[in-house]
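Listed in Swiss-Prot:
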- 1-4: motif 'MREC motif' (MOTIF)
- GLN11, GLU71, SER140, GLY144, THR145, THR179, ASN206, ASN228: GTP binding site (BINDING)
- LYS40: N6-acetyllysine (MOD_RES)
- SER48: phosphoserine (MOD_RES)
- GLU71: Mg(2+) binding site (BINDING)
- TYR83: 3'-nitrotyrosine (MOD_RES)
- GLU254: active site (ACT_SITE)
- TYR432: phosphotyrosine (MOD_RES)
- SER439: phosphoserine (MOD_RES)
Amino acid sequence: MRECISVHVGQAGVQMGNACWELYCLEHGIQPDGQMPSDKTIGGGDDSFTTFFCETGAGKHVPRAVFVDLEPTVIDEIRNGPYRQLFHPEQLITGKEDAANNYARGHYTIGKEIIDPVLDRIRKLSDQCTGLQGFLVFHSFGGGTGSGFTSLLMERLSVDYGKKSKLEFSIYPAPQVSTAVVEPYNSILTTHTTLEHSDCAFMVDNEAIYDICRRNLDIERPTYTNLNRLISQIVSSITASLRFDGALNVDLTEFQTNLVPYPRIHFPLATYAPVISAEKAYHEQLSVAEITNACFEPANQMVKCDPRHGKYMACCLLYRGDVVPKDVNAAIAAIKTKRSIQFVDWCPTGFKVGINYQPPTVVPGGDLAKVQRAVCMLSNTTAIAEAWARLDHKFDLMYAKRAFVHWYVGEGMEEGEFSEAREDMAALEKDYEEVGIDSYEDEDEGEE
């Protein structure tokens, strides 16, 4: 089997993990205590779900996941929550004091005390796998644990499991809503450190998700639970092809092959449709063409940026539910003709398509309507550089005055790391800019 191990780091990672595992359990008919009643066995013994769950002798299904946080309160909620029997107690690893929004604490002082137990647990999980495919790491950019500890973990995973792919699901600091003043510092330090270790990073911007919840689901004041349930649908769409048998299945390495043209340009933009409340869904058709079209609306993106200002390098459409290739081809053909989608000229307009016949599942009592079909689009576009530019600008404003830097230096970091990280980000922006330049322009320059 091609197993995946999920690692959930820090408060954001753990809470995303809660939502995701809740959804996986519903999708596979696994009860909160890990049992799978025989009448619920889907499709008469489709065992693809073993990529994410391992089965014990007693017939219990245990997620292949590790939850880590440097302080216990968030993980304690799992220990006392409805899914407490699902996880092995040693899969929930907590420290005593938190990283206090400080990258240096997560990466150096406090992180290094907890990294070995975490790696031991990951080693035990990987020993249970017959053919480990890779890791999915969930975290935020802005928090201390999410930024600092994740980058430490990614470095160590690269050493221990060099050839395995590592995908990240990262919560990008929202442009308007901020949970910490030092988010730009943490984000840039973690991006710099994990850039060479991560194979593919799906970014999710809280503000974009807030807006989707407000606009499409009519939730006036979305809570993190609302946000995480929406995020979990996206994660589920991306991983569905690993967990179910499908017509056109996509595995982890296939994502990278199709979405990442250059090692550093590995930040695809995710878009999901239809995000719709039950009241509205009843009155709408939501055909393949409609949901495919919706993916090209900036309003449905997980990161605030405008793909109309950028160019696409690759595009991957993952359908699930009642979808046939004929409809998909028609929808894509329509988009190619009428949408102003600009691809870079060195990449012919390729759309990679995955189809999975398992319809999307919704959490009972959740906000999303039960629909027959859904689509998740992953596109690698140069527009995401806008997100980096915003972050870099905020970093510059603070760093020019060396504001808050003493907290980092006090935990054993050197000031040089800041400027080094910032230079790396400048290089990343430049990389994005160069990828978007038409190749025939380069040839003219060479002749002069």
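Glycine is no exception: its Cβ is also placed from the backbone N, Cα and C atoms.
Overlay of Swiss-Prot annotations on the structure.
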{"residue": "GLN11", "record": "GTP binding site", "DSSP (3 states)": "helix"}
{"residue": "SER48", "record": "phosphoserine", "DSSP (3 states)": "helix"}
{"residue": "GLU71", "record": "GTP binding site", "DSSP (3 states)": "coil"}
{"residue": "TYR83", "record": "3'-nitrotyrosine", "DSSP (3 states)": "coil"}
{"residue": "SER140", "record": "GTP binding site", "DSSP (3 states)": "strand"}
{"residue": "THR179", "record": "GTP binding site", "DSSP (3 states)": "coil"}
{"residue": "ASN206", "record": "GTP binding site", "DSSP (3 states)": "helix"}
{"residue": "ASN228", "record": "GTP binding site", "DSSP (3 states)": "helix"}
{"residue": "TYR432", "record": "phosphotyrosine", "DSSP (3 states)": "helix"}
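When Cβ neighbours within 10 Å are tallied across all protein chains shown, the highest count among the binding-site residues GLN11, SER140, THR145, ASN206 belongs to THR145. As a whole-number mean, the pLDDT of the motif 'MREC motif' (1-4) in this prediction is 81. Taking Cβ-Cβ distances under 8 Å and a sequence separation of 6 or more, the neighbours of ASN228 (GTP binding site) in its chain are GLN15, MET16, ASN18, ALA19.
Between the alpha carbons (Cα) of TYR83 (3'-nitrotyrosine) and GLN11 (GTP binding site) lies a span of roughly 17 Å. Ranking the recorded positions SER48, GLU254, TYR432 by Cα distance from ASN206 (GTP binding site) puts TYR432 first. Proximity of THR179 (GTP binding site) to non-local residues of its own chain (separation of 6 or more, Cβ distance below 8 Å) is seen for GLY142, GLY143, PRO173, given in sequence order.
Cβ crowding, taken as the number of other Cβ atoms within 10 Å, peaks at TYR432 among the modified residues TYR83, TYR432.
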